[in-house]
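Novice: Quick one: the structure is below, questions incoming.
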Amino acid sequence: MEFINVTVPQDQIWMIVVGFFIAFLLAFGIGANDVANSFGTSVGSKVLTLRQAFILASIFETLGAVLLGAKVSDTIRKGIIDLTPYQNNTKLLMLGNVASLSGSCVWLIAATLLRLPVSATHSIVGSTVGFALVIHGSNGIHWVKLATIITSWFISPILAGIVSIMLFWTCKKFILSKHQPLEPGLRFLPIFYAMTIVVNIFSVFYEGPEMLRFNLIPLWGTFIISFGAGTIGGIIIYFFIVPWQRKKIQEEVSRVSVVSTLLNMNDSEETGGSTNTTSIKMPKESIKKHHKFDENTEQSDTSSTPTHLRQGRSTVTDAPEAARLFSFLQILTAIFGSFAHGGNDVSNSIGPLVSLWLIGTTGYISQETSTPILILLYGGFGISVGLVVLGRKVIKTIGEDLAKVTPSSGFCIEIGSALTVLVASNIGLPISTTHCKVGSVVFVGRYRARENVDWSIFRNIVLAWLVTLPICGGVSAAIMAGLRILV
């Protein structure tokens, strides 16, 4: 990216500096709140630890931001309001972008502290409309485009939930319901991996970033590349990964049987008061420590969970073979979802910042200039920091409190919601990843057990969704009104 000397008056440069600072705080809030959508179910199902989730999310959120983020950033920046009325008054637009970033930042961090997963997309759109209403009233807002975006917010959780249920139904019918689920699961493994690879690569190459010249690849070329990579990946999985996993999972299942036997022996000895209790306790502690299915997991605190939910969730389990099989898949789909989230939601933090930067470096408003890659990286970095510092709060809500998630349901939840988000990102529609993931968790959770979903938490989440747009719009409008008076 070529840097151009700032041409705006010196007394306006502060807006760019403040904008960068607030954009980082907003990206921080998105990381703390929204990244739970990608890895919450993986942590909740005990497939990944928090530390592992943080590392993977930091890498793939940033990659998604760079490879996919520019497309949605342009929709946020250009699609909601008409920039033409601001051509002769760039100062107003710069103030508006500062107000927009501030309004979103305040609400998103507040919601995170309340452990409520809210939509960063809602936040930035509401804030953008808020400052625009203060400046030009209802004129200059693309109401049709805004209505399309808002409609997608309500449709997306339903679509994501339906896709996730269909995937889980398929897994249940052909794998989970079998007496020995390992072999059917291994047969489907190459298909699952190939499908994930195809969708992921297609999303990158289809009208991809200009810096990598992916935008020059024709549609038929994108199909060949993505399906070719998926086919090759499926073949590799079939000939190399499947035999390895078969052997590894069988060893793990055997180990589980030994552990269960020894633990039962220990319990019997303790109940009977045998003098040999100590000799059994030692291997018990050692086996527990090295038990593969339980290692590196954080047990949920169910003491505050209502009795009916504890009873309902006790029926939501995976067989050991299925749990191990889907654990590998869930890690892949979590990465898939993180990549999609980075592409879709980094735009929320850097969309207004892009406008500030382009005005500051060119001196005029451009509807055509592409999003600078360094700003995309800046947003990705802020998201990663927010995840590490505060991410565990909303991760617990998504992955544990809302509904019980196992590796099999987690896989279906993640790939169903990620498919919905990636399709939306590639057509430039900034839908809410939060809505998609919560919709998938609720749909699949309710499908698995009647008493699995905590409807009181879901009610609070929906209420937070409903007030997000007006709160952010109101805060942004108030800040904009104050800035017009002070500046």
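Every residue gets a Cβ built from N, Cα and C, even glycine.
Pulled the feature table from TrEMBL, pasting it below:
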| type | residues | note |
| --- | --- | --- |
| TRANSMEM | 12-32 | transmembrane segment |
| TRANSMEM | 53-72 | transmembrane segment |
| TRANSMEM | 92-116 | transmembrane segment |
| TRANSMEM | 150-168 | transmembrane segment |
| TRANSMEM | 188-206 | transmembrane segment |
| TRANSMEM | 218-241 | transmembrane segment |
| REGION | 288-313 | region 'Disordered' |
| COMPBIAS | 299-313 | compositional bias 'Polar residues' |
| TRANSMEM | 322-340 | transmembrane segment |
| TRANSMEM | 373-391 | transmembrane segment |
| TRANSMEM | 462-486 | transmembrane segment |
Novice: State, in range form, which of 150-168, 218-241, 373-391, 462-486 has the highest count of Cβ pairs under 8 Å to the transmembrane segment (92-116).
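Specialist: The listed stretch sharing the most Cβ pairs with the transmembrane segment (92-116) is 462-486.
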Novice: Could you give the residue numbers and ranges of same-chain residues that sit at least 6 residues beyond the transmembrane segment (322-340) on either side and whose C-beta is under 8 angstroms from one of its C-beta atoms?
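Specialist: For the transmembrane segment (322-340), the sequence-distant neighbours (Cβ-Cβ under 8 Å, at least 6 residues beyond its ends) are 35, 37-39, 41-42, 45, 47-48, 53, 56-57, 60-61, 63-64, 67-68, 171, 175-176, 181-182, 185-186, 189, 192-193, 196, 199-200, 203, 245, 248-249, 252-253, 293, 406-408, 410-411, 414-415, 417-418, 421-422, 425, 433, 437.
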Novice: If we skip the immediate neighbours and take only residues 6+ beyond the ends of the transmembrane segment (218-241), which ones have a Cβ under 8 Å from one of its Cβ atoms?
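Specialist: Contacts with the transmembrane segment (218-241): 189-191, 193-195, 197-199, 201-202, 205-206.
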